[in-house]
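All remarks here apply to the structure that follows.
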Amino acid sequence: MSSTESAPLRSSFTIRGSTTLITEFFDFSVNNILYQRGIYPMDDFKTVKKYGMNLLVTHDEDIKSYIRKFMKQVHVWLKAGKVSRFVLVIVNKNTGDVVEKWQFNINVNEEDQDASSLNQQHEISPEQIQSQIQAIIRQITSCVTFLPNLEVNEYTFNILVFTDVTTALPQNNEWVDSSDYKLNIEGEECVQLKSLKTNLHTVDTLVSYKTAN
Amino acid sequence: MSTSTIMDSPKSSSHRLVARQHTNPNILHQSSHSKTTYKYSSKYQNGKRNGSPQRSSTLSLASPTKLNVVRTDWSEAQRETGTLKPPAAPPLLRSNSTMGLSKTDRFIPSTYSSSNGKLIRDDNELQPPANASPSRHIEAQNKLIYQQTVADACGLQMNEKILQFRPRPPQSKASVISLNFKNSQYDFKKNSINPLRSRKINNTPERVLDAPDFNDDFYLNLISWSSANFLAIALGCDCYIWNASSGSVDLLHSFNEPITSVRWSDDSTHLSIGKESGKVEIWDIESCERVRTMDTQSGTRVGVQSWFDNLVATGCRSGEVFVNDVRVKQHMVNTLANHVGEVCGLEYRGDGLQLASGSNDNVVTIWDCRSSLPQFTKHTHTGAVKALAWSPDTLSLLATGGGSSDQKINFWNTTTGARLNTIDTGTQISSLHWGSSDCFGKEIVATGGYPNNAISVYSYEHQIKVAEIEHAHDARIISGQISPDGSILATVGGDENLKFHKIFNGNDDLNKMKSKRNTGLVSGKAMTSKIMTIR
């Protein structure tokens with residue numbers, strides 16, 4: 001197939017294209033989660049059209065630049081194939097307890113890497129990817145129905161990235177190794193959402209939450 | 001093959017790095033070999049060289065001098081076994097060479113160790129030196145397998161680390177405000193089912209006084225309530241002082257021309273009386289004597305005044321506002337000319353830095369008192385602006401109310417000049433006074449005219465009317481004054497009545513004063529709703 005340079009950015013079968021696609025998907029998912037879970041008030045969000053559906057993204061400059069900042073780094077790591085998991089953790093502001101986590105497990109389809117360049121039948125079309133993303137984001141939205149209610153203004157979020165050990169931390173001090181992060185939720189329940197499959201990556205989405213008792 | 005997972009990739013990579021340094025093809029081969037057959041080789045070696053004091057082959061393979069030093073410096077195991085002597089360096093003995101190399105060479109910069117200090121420590125614990133007893137090796141190996149199993153069970157991967165994005169998520173700017181607002185909206189909804197129960201004011205006046213000859217002129221300000229609890233009222237050409245604490249009434253003076261405005265000084269020791277001719281008289285209330293007469297030279301009536309310290313600002317029919325210093329002979333220190341209609345509202349801000357003026361030309365002007373220039377000129381109102389009220393707790397919050405053709409209350413931020421809110425009252429607004437209640441917080445009370453002649457209380461936050469006294473007067477209300485404790489509103493209307501309604505609970509600090517005053521009311525002529533004549 002075409003080289004990375006000449007391929008369109010969104011093409012799901014170059015590393016760059018696939019990574020961009022996944023980063024974008026993370027971005028919208030994070031926005032959607034922040035909105036749906038009420039981490040920020042409704043007024044901070046506006047509707048945009050994306051993936052053939054209406055999505056809510058923040059228009060607050062601070063939140064926007066915050067998300068942009070960590071997404072940029074995640075993108076770099078994704079491109080290098082270092083990320084195995086991207087986690088958004090919802091934390092109680094006062095106690096610091098993890099009450100909910102949204103995991104995106106990233107697997108590189110290694111066999112496909114070679115296959116896709118030879119075999120065009122395995123190619124996943126942009127339409128298919130879009131409908132996959134649509135389905136996941138719809139699922140994220142629908143999760144609100146069974147997830148425990150979060151008190152307004154009581155919760156904040158953290159971003160964790162599971163990388164392989166060789167990953168060097170960026171110089172800007174914005175990332176810390178926190179392998180001892182207490183990710184466990186007491187009495188947690190886990191729901192697996194649909195997967196996103198591009199030609200190079202498979203992203204499994206999971207939400208874990210604290211059960212009522 | 002299965003054991004290859006136990007080997008961390010950095011180990012092998014750093015090993016290769018070392019190997020490359022020494023450019024020995026043998027080592028390269030060896031490293032890949034040892035990687036895949038780690039379990040076998042180590043066991044084999046352990047079994048074979050049980051208890052042997054020999055050094056690990058690594059050291060001999062690599063540059064002996066360098067690596068040896070490191071080994072003796074750093075390896076705990078070495079110290080334990082007491083093999084601090086230089087290595088015997090038997091050539092090409094394969095064993096756990098990778099481990100020895102990977103953890104010891106301090107000349108290899110810290111890419112490996114700094115990014116992964118933890119694993120190094122584990123290695124030290126887990127991998128005994130080659131010359132340890134086989135049982136120790138087995139134990140170590142088991143421990144490694146156990147760790148791996150536990151990690152797998154926990155969903156963690158050994159060769160993985162978790163990185164956290166450190167900056168804290170930003171606080172929403174909207175959150176504080178809008179959440180408060182949401183909460184209060186919620187309260188409001190809760191309350192709105194029964195607004196009367198939650199915010200009840202007595203429709204019956206606490207007291208009614210007859211005010212015959214009261215000049216029914218919207219543009220005049222003929223009552224003023226002092227901080228010492230005296231109410232001054234001008235009836236025609238006469239000025240009366242009603243002592244709200246005792247209930248007694250005194251005639252201050254009978255003038256030979258109509259009085260157009262009265263106003264107490266801030267310390268309530270002096271009363272300024274504006275007259276039809278444009279003259280302003282200052283009266284001392286203790287001695288009941290005229291202190292001085294100031295002629296504003298405009299020759300037109302003084303419809304409104306406001307005091308700040310020694311300054312009294314007077315608004316004239318000609319549209320000018322004169323600032324007079326009562327202490328100096330040349331009393332006129334400033335002329336503020338921006339209005340073209342009669343000035344009927346004038347109010348100094350609490351700190352005296354700003355002066356708000358409202359006029360019959362429908363304009364509100366906010367003056368900067370230091371420069372005496374209009375800071376903001378607002379043309380929003382479509383009627384004469386008589387009612388002006390500075391918020392007592394927010395310095396730059398001003399409420400202005402328009403006349404019969406406007407009927408709106410506007411709220412301004414006088415620092416930025418922004419209009420914060422507007423309430424359409426449906427009636428002309430003759431006075432505005434701030435107050436507060438438990439259930440709605442900040443409130444503002446407006447006195448109106450046609451059709452209801454009502455006293456209305458609006459919640460500042462919700463912008464709704466929360467309480468109302470309909471037909472408080474039989475004719476339009478001309479002026480309203482709030483008692484010094486902020487609880488009682490005195491209103492005078494075209495029906496020549498002066499009525500006192502309890503609107504707010506008053507300030508906590510002044511509760512005593514209020515109760516004193518209430519007992520004054522009771523012990524005085526006591527009966528509510530009984531009409532009394534001043535003269």
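In case you wondered, yes, glycine gets a Cβ from its N, Cα and C as well.
The shown structure was predicted, so the numbers you read here are calculated from the model rather than taken from an experiment.
Lifted from TrEMBL, the feature list:
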type: COMPBIAS; residues: B:21-30; note: compositional bias 'Polar residues'
type: COMPBIAS; residues: B:31-44; note: compositional bias 'Low complexity'
type: COMPBIAS; residues: B:45-66; note: compositional bias 'Polar residues'
type: DOMAIN; residues: B:209-500; note: domain 'CDC20/Fizzy WD40'
type: REGION; residues: B:21-134; note: region 'Disordered'
type: REPEAT; residues: B:252-293; note: repeat 'WD'
type: REPEAT; residues: B:336-368; note: repeat 'WD'
type: REPEAT; residues: B:378-422; note: repeat 'WD'
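Outside the repeat 'WD' (B:378-422), and at least 6 residues removed from its termini, the chain residues within Cβ reach (under 8 Å) are 218-219, 221, 304, 341-342, 344-351, 354, 356-366, 428-434, 442, 444, 446-447, 449-450, 458, 460, 463, 486. DSSP places the residues of the repeat 'WD' (B:378-422) in helix, strand and coil in these numbers: 0 helix, 24 strand, 21 coil. Confidence across the repeat 'WD' (B:252-293), taken as the mean pLDDT and rounded to a whole number, stands at 91.
Helix, strand and coil content of the repeat 'WD' (B:252-293), in residues and according to DSSP, is 0 helix, 26 strand, 16 coil.
Across the repeat 'WD' (B:336-368), the DSSP tally of helix, strand and coil residues reads 0 helix, 19 strand, 14 coil.
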